[in-house]
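Taken from Swiss-Prot, the feature compositional bias 'Polar residues' covers 21-30. Positions annotated as domain 'IF rod' by Swiss-Prot: 96-449. Positions annotated as domain 'LTD' by Swiss-Prot, on the basis of sequence analysis: 499-612. Per Swiss-Prot, the feature region 'Disordered' maps to 1-31. What Swiss-Prot records for 1-99 is region 'Head'. Under the heading region 'Coil 1A', Swiss-Prot lists 100-135. Under the heading region 'Linker 1', Swiss-Prot lists 136-145. As annotated by Swiss-Prot, region 'Coil 1B' applies to 146-284. The region 'Linker 12' annotation in Swiss-Prot covers 285-303. Annotated region 'Coil 2' per Swiss-Prot: 304-449, in sequence order. The region 'Tail' annotation in Swiss-Prot covers 450-615.
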Amino acid sequence: MSVTQKKTEISTTTTYEGESRPSSGMSGFSYSAKIHPRTSGYINRSSQSPFRSSMGSNAAYTRSYDFSYGATAMPGRYANISSTGVNHVKANREREKQDMRDLNERFANYIEKVRFLEAQNKKLAGELEELKSKWGKETSAIKEMYETELEEARKLIDATNKEKITLDVRVTELIDQLERQQKDLEESRTYHQIDQEQIARQNQQLADLEGEISMLRRSIESLEKEKMRQSNILAKMNDEMEKMRMDLNNETINHLDAENRRQTLEEELEFQKDVHAQELKELAALAYRDTTAENREFWRNELAQAIRDIQQEYDAKCDQMRGDIEAYYNLKVQEFRTGATKQNMEVTRNKEENTKLKSNMTEIRNRLADLEARNAQLERTNQDLLRDLEEKDRQNELESCQYKEEITKLRGEMESILKELQDLMDIKLSLELEIAAYRKLLEGEESRVGMKQIVEQVVGARPNEAEVLSTILTRSEGGYEATGDSQISMKMMRGELAAKTTYQRTSKGSVSIKEADSQGCFIALETKKEENLTGWKIVRKVDDNKVYTYEIPNLVLKTGTVVKIWSKNHQAQARGDDLVSRENDTWGTGSNVVTILQNEKGEDKANYTQNTVYQ
């Protein structure tokens, strides 16, 4: 909290020719006030001017001004409640400080003029003495009363400013901490996004590998099926080969059987030959016993013919049997040889295919093992990333909860501070109104009949120097009286200033203006049923010389809901579905304010009027 004390000292010394008389009344006047500036410095100004009065006395006036003001920074919290509000307060402070300087200068000039007039107004000494005796005590009482009130007000302002500065510093620290936390949160979100992208890439690689594994498995299954088919073909060919081997064995057995039959038949033939030879011998013996040569010749010829026929028939039958057996045997041997060659070729081809399939299966199994190992590694990496992601999500949720709690706490503190600031602004507004009233009273006092002409005659007219006193001496009305040769005494008479504000609301339809902030922060709309406000316009007229407009964008107001349209300088207070007017820094303030809600056709649907009358 910074305190500035401004002190004006005016001293007067009067010397008369012929005799020295001490001046009666006030030989010095001092005034002090406390304000709250933003800079520090010290100004000392003095002047001395001798003059001669009409009564022949020499008077020397020494006027000195000591101005000191300073600013000190005290620790506190909440450095930035609202940049707009603080700038507004700063501007008002600077304006009030400048007004204080001007008023003090004018007050000093006014006192100087009155001192000059003392030499001219000796004839009024009795009346002034009477006024002094009559009003002196009342002035002291009023002065003490106002000094007590001002001291309490200063203490209250000092305590409030100290608490405000503490809260400002705390707000600054929390805002810095919030910015750091938000930066960490952004970094965490960036890392989270990178992890998400990496997980997506890993999932894509995993999907590709799973697709490749599935394709390899399908290839293995097809190769297994092909192998099974080849095995079935090989088994079938082995069965056929076994069958052919059995057929060959059967044919060999049949061949041996035929050989045996042939040998048997040959033996039987030899036996028949022997039998026939024996019969022939018997017949020959019978023939020999026949004495007839013709009979012997006949039987010999018949027997030879029979033997030849039998021999031819037997040879033909043996040749036929031999040819059939040889043909059948050669056919079977040829078929066996052809089948064995084909089977050998199939077996060789199957062996080559089996070898190739085995090598492919070995390669696929090795690759499958590598892919399974890589898949397991990727799954472990994916699990690790998921765990890290879950951990970061939990941390982010915890930090988010902490941030939300901090923000809620800060908003509560900010609301309380804004409420205090609003109270201070109301007090400040009342002080400004009282300052304006006091200024008018002083101007009226200066312009009383005869006073202005006397001042202009003695010291000359000085324009723009008729306003007096500071914002601290508010709610007061000033008067003056002078007694003695060089004495000035001040009397404060209590005055009052009141402000009366009236509000009037009208609406045509379901939508109405619920509230229009007197400080120009926001305008609140409410509706009794659902209404589409897209294209509607708000027109706010301030003291008939300033117009603020805002066109509502895409907005559908639900039944029973209230929406606030904030000015640009107060958009930090917007919440939820509230709107912000980017075109208007403020909605404006004044004594006569009219807020109108128009639909898209330009028809007035609602009206909110605010009138303030100062009394």
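Even glycines carry a Cβ here, placed using N, Cα and C.
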For the region 'Coil 1A' (100-135), mean pLDDT (0 to 100): 77
DSSP helix/strand/coil residue counts for the region 'Coil 2' (304-449): 143 helix, 0 strand, 3 coil
Secondary structure content, the region 'Coil 1B' (146-284) (per DSSP, counts of residues): 139 helix, 0 strand, 0 coil
